[in-house]
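Below is one structure, written out as structure tokens; comments come after it.
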Amino acid sequence: MRLLLMGPPGAGKGTQATTIAARFGVPAISTGDIFRANVAQRTELGVLADAYMSAGDYVPDEVTNAMVADRLAEADCADGFLLDGYPRTPQQVAELDAMLERCGVELDSVVLLEADSEELVRRLLLRAQEQGRADDTEPVIRRRLEVYAAETEPLAAAYLDRGVLVSVDGLGSIEEVAERIMAVLAPEPVVVE
Ligand code: B4P
């Protein structure tokens, strides 16, 4: 399975990614998590990424694309992967297409998690209280939602045209959303009596 998980900040991408990836036996790769690990370790990449992330902006494409290319070249991705939060720009879509083409493989599905803005803000403000993430303040959350609407939301149309996009309602409990995602990715076989 080669999967993408898309959706606005707070829709539940990171929350659902681990469960889905485990069900399909593939690694869950979150560009946000890789950046945050680098920020925590104060690597060169982390220092660069931190400036963009804490303002609610995207890390530049060339940096993000190189990081994903390195990660997808690792052995555990040979039979599949779930990319969480990548691609987010037209250049990232083009670069991912090129990476997959070089390997002679294709995406199986792109899951788009949807939820309305007020619910997204509510969830992220709650996470701010629990985890204190630097990009979970209200002005930065609103900026992230604007950037998503301008840069990432339009990408869904391209995947819809390719026939790989499935939209999933991200409202409801974490378990309900997980069941909805599994239902579209691996529907139960119909038993014919
Ligand atoms: P991410 O780490 O991807 O952060 P995110 O969009 O906020 O989503 P996340 O996966 O963490 O949260 P989730 O919705 O699961 O990106 C962070 C930053 O990194 C970006 O802003 C950007 O700067 C940079 N970046 C990452 N990828 C990049 C790329 N490709 N190009 C350029 N820059 C990039 O969950 C949010 C909260 O909601 C959680 O607290 C969760 O518990 C809660 N929640 C989830 N599902 C719920 C449910 N059903 N009900 C109630 N609460 C729920």
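Just so you know, glycine gets a Cβ as well, placed from its N, Cα and C.
Taken from TrEMBL, the feature ATP binding site covers GLY10, ALA11, GLY12, LYS13, GLY14, THR15, ARG127, GLY172. Annotation comment: TrEMBL describes THR31, ARG36, ASP57, TYR58, VAL59, GLY85, TYR86, PRO87, ARG88, GLN92, ARG133, ARG144 as AMP binding site. Feature annotation from TrEMBL assigns region 'NMP' to 30-59.
On the structure: features taken from TrEMBL.
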residue	record	Cβ contacts under 8 Å, 6 or more apart
ALA11	ATP binding site	LEU113, GLU114, ALA115, LEU120, GLY170
GLY12	ATP binding site	LEU113, ALA115, GLY170, ILE174, VAL177
GLY14	ATP binding site	SER30, GLY32, ASP33, ASP84, GLY85
THR31	AMP binding site	VAL59, THR64, MET67, VAL68, LEU83, ASP84, GLY85, TYR86
ASP57	AMP binding site	ARG143, VAL147
ARG88	AMP binding site	TYR58, THR64, TYR148, GLU151, THR152, LEU155
ARG127	ATP binding site	GLY10, ARG133, ASP136
GLY172	ATP binding site	ARG180
Local Cβ density at THR15 (ATP binding site) - other Cβ atoms counted within 10 Å: 17
Greatest C-beta neighbour count within 10 angstroms, which of the binding-site residues LYS13, ARG133: LYS13
Local Cβ density at VAL59 (AMP binding site) - other Cβ atoms counted within 10 Å: 19
Secondary structure at TYR86 (AMP binding site), reduced by DSSP to three states: coil
Recorded ATP binding residues, GLY10, ALA11, GLY12, LYS13, GLY14, THR15, ARG127, GLY172 - maximal Cα separation rounded to whole Å: 17
Site diameter for AMP, Å, by largest Cα distance between THR31, ARG36, ASP57, TYR58, VAL59, GLY85, TYR86, PRO87, ARG88, GLN92, ARG133, ARG144: 25
Helix, strand and coil residues within the region 'NMP' (30-59) as assigned by DSSP: 20 helix, 1 strand, 9 coil
Surrounding CB atoms that lie within 10 Å of the CB of TYR86 (AMP binding site), all protein chains: 24
Mapped DSSP class for ALA11 (ATP binding site), helix or strand or coil: coil
Surrounding CB atoms that lie within 10 Å of the CB of GLY10 (ATP binding site), all protein chains: 26
Overall pLDDT for the region 'NMP' (30-59), taken as the rounded mean: 96
